[in-house]
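Copied over from Swiss-Prot, here are the features:
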type	residues	note
BINDING	G10, A11, G12, K13, G14, T15, R127, S136, Y137, G199	ATP binding site
REGION	30-59	region 'NMP'
BINDING	T31, R36, Q57, L58, V59, G85, F86, P87, R88, Q92, R160, R171	AMP binding site
REGION	126-163	region 'LID'
BINDING	C130, C133, C150, C153	Zn(2+) binding site
Amino acid sequence: MKIILLGPPGAGKGTQAKFISEEYSIPHISTGDIFRKNISDKTPLGIEAKEYLDKGQLVPDEVTINIVKDRLSEDDCESGFLLDGFPRTVYQAEALDSFLNANDNKIDMVLLIDVPRELIFDRMTGRRICPSCGASYHVKFNPPKLKDKCDICNNDIIQRKDDTESTVKDRLDVYEKQTEPLINYYKKQGVISTIEGSGEINQVFQRAKSALGAVCK
């Protein structure tokens, strides 16, 4: 089964991707993970990607397509995969379709996680992280016991650059402008299914399983 997850930043795609990957025994392929590794290793790709990500912008198509193709060519993708973070533009989607078609494959379902913009904004701007131990918090949904202090190591928790109000607004604007046309692209192919992304994590997962059941019979 070959699946794509779509949805705005902060919609919980990464969390649902892990659940789906485990449920259906397919690899979870996150372009975010690929970029983070390159950024950590300070590769040319990582340096270039970081410049865009720090501004809340999407990484250009040409930087991402070949690395995704290489990943999809690995043995563990023969029985299927779940793409999280790719494609983000119609151009990327067309490149993916061409690659899959050349190998007699196709996308089985595009799962769109739909969350209101206002909720996304609250989710993202409220996130905090401990720079020392990596523990994560949320000022509204998962606050630390002591304000601005990590429960684990007692160091100050911080807001990442990606989670500031201005950056979140920019990221959502970029998503709406560049990514949402994918919805129409996949609607024309008849492979898109939309689920409500609000509520408890397990509730969203049950909705995802119900939608995916149509291609798992």
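Backbone N, Cα and C define each Cβ position, glycine as well.
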Query - Largest tally of Cβ atoms lying within 10 Å of a Cβ, found at which of the binding-site residues G10, G12, G14 - result: G10
Requested in this report: Provide the three-state DSSP residue tally for the region 'LID' (126-163): helix first, then strand, then coil.
Outcome: 3 helix, 10 strand, 25 coil
Report task. Round to the nearest Å and give the CA-to-CA distance linking Q57 (AMP binding site) with G10 (ATP binding site). Result -> 15
Query raised in the report: In which DSSP state, out of helix, strand and coil, do we find T31 (AMP binding site)?
Result: helix
Report summary line: Close to R127 (ATP binding site), taking Cα pairs within 10 Å and only the binding-site residues V59, F86, C153, R160, are R160
Query raised in the report: In angstrom units, rounded to an integer, how far apart are the Cα atoms of G10 (ATP binding site) and R160 (AMP binding site)?
Result: 14
Report summary line: The predicted model's mean pLDDT over the region 'LID' (126-163) is 95
Query - G14 (ATP binding site) to R88 (AMP binding site) - Cα separation in whole Å - result: 15
